[in-house]
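For reference, Swiss-Prot has these:
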type	residues	note
ACT_SITE	E78	active site
ACT_SITE	C141	active site
ACT_SITE	H165	active site
Amino acid sequence: MKALITGFEPFDKEEINPSWEAVSSLHNNIDDIEIIKLKLPTVFKKSYEKLFDSLENIKPDIVICVGQAGGRYEISLERVAVNIDDAGIKDNEGNQPIDEIIFNDGENAYFSRLPIKRIKEELNKISIPSAVSNTAGTFVCNHIMYSLLYYIKKNNLNIKGGFIHVPYITEQILDKPNTPYMTKDMIVKALEVIIKTSLYN
């Protein structure tokens, strides 16, 4: 089995992005699952173009996109993506779409194709804080989650897919007093559990 796991490049003046720091630290194989890692640009449209190319070439059994949610303290298991870009800040190429539809022929929203409640149970067993989240925002994270689920539906693919938000890691909060964070090792462990739980349930 093949799992495509994506993370983002740093954005908004951050020097690192915990999503890619964790994804790039995953082993290349977990049990009998081949782990394929992909770094996405934090850029509207270019991010899904790179993702779609990889989906076509790799043909994975599961796709888990990971992004940064600074200020959250837990692993956020995103339930739904909405068909709108409404950026509060500029992306890494200066784009700032406001109230723009992502795909004109797409549904208003798509639900995660990951077993998010079961994942939460498994993470709780090993004392990793997690929660089901009902909003992935309207920046590039929601953009890529929606695009992934749109692609799966549009192409009638029988694969699992969804999005996970992760907190800042230790290196990012040295100048941010009282800001929630999680160690990179804990995020990596969480991703391993998410991958296995998603594929085996």
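Each Cβ is built from the backbone N, Cα and C atoms, and glycine gets one as well.
When the Cα atoms are compared, H165 (active site) and E78 (active site) turn out to be 7 Å apart. DSSP classifies C141 (active site) as helix under the three-state reduction.
Within the same chain, the residues at least 6 positions away from C141 (active site) whose Cβ sits under 8 Å from its Cβ are F8, C65, G67, Q68, A69, F163, H165, listed in sequence order. Within 10 Å of the C-beta of H165 (active site) there are 25 other C-beta atoms, taking all protein chains into account. Note: E78 (active site) has non-local neighbours S112, I116, S133, T135, A136, M145, G162, F163, I164, H165, i.e. same-chain residues 6+ apart with C-beta under 8 A of its own C-beta.
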